[in-house]
Amino acid sequence: MSKVTNVSINTKLDELLKGDQVIINFGAEWCGACKVLEPIFNKLSTQYPLVTFLKVEIDKINVHESTKSITSIPTIMLYQKGKKTKEIVSPNETQLRKILDSMK
């Protein structure tokens, strides 16, 4: 079972970003590459229980500080204790595992 939290309210996103280890999948329903990434992201959420996995549909959230740098989707961002530590566009499963392993 996936442990991904869908976020659609800016205040909720602000609160969740303060966690120790957070990974966010920014995408959109109309994005083909996002649909390919989604089951991988969901699977990884069950394998890394100490990381908070979030999904944000960029069309359903107001402009947020974290979305200002997004130029392409899917974009994955990693936050540690409220600070962005990494951003990667259209990652594959190997790349995601590597960055998740680096958070340990």
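Just so it is clear, glycine is given a Cβ too, placed from its N, Cα and C backbone atoms.
Under DSSP, Cys31 (active site, nucleophile) is assigned to coil, being neither helix nor strand in the three-state scheme. Per Swiss-Prot, active site, nucleophile is recorded for Cys31 (among others).
Among the features that Swiss-Prot reports, active site, nucleophile is placed at Cys34 (among others), with the record citing similarity to another entry.
The disulfide bond annotation in Swiss-Prot covers Cys31-Cys34.
Along the domain 'Thioredoxin' (2-104), the predicted structure has mean pLDDT 88. Sequence annotations record features per position, and here Swiss-Prot assigns domain 'Thioredoxin' to 2-104.
Residues or ranges marked as site 'Contributes to redox potential value' by Swiss-Prot: Gly32 (among others). Summarising the environment of Gly32 (site 'Contributes to redox potential value'), the number of other Cβ atoms within 10 Å of its Cβ, over all protein chains shown, is 8.
According to Swiss-Prot, the site 'Contributes to redox potential value' annotation covers Ala33 (among others), on the basis of similarity to another entry.
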Please work out which residue of Cys31, Ala33 has the most C-beta neighbours within 10 angstroms of its C-beta, and give that one of the recorded positions. Cys31
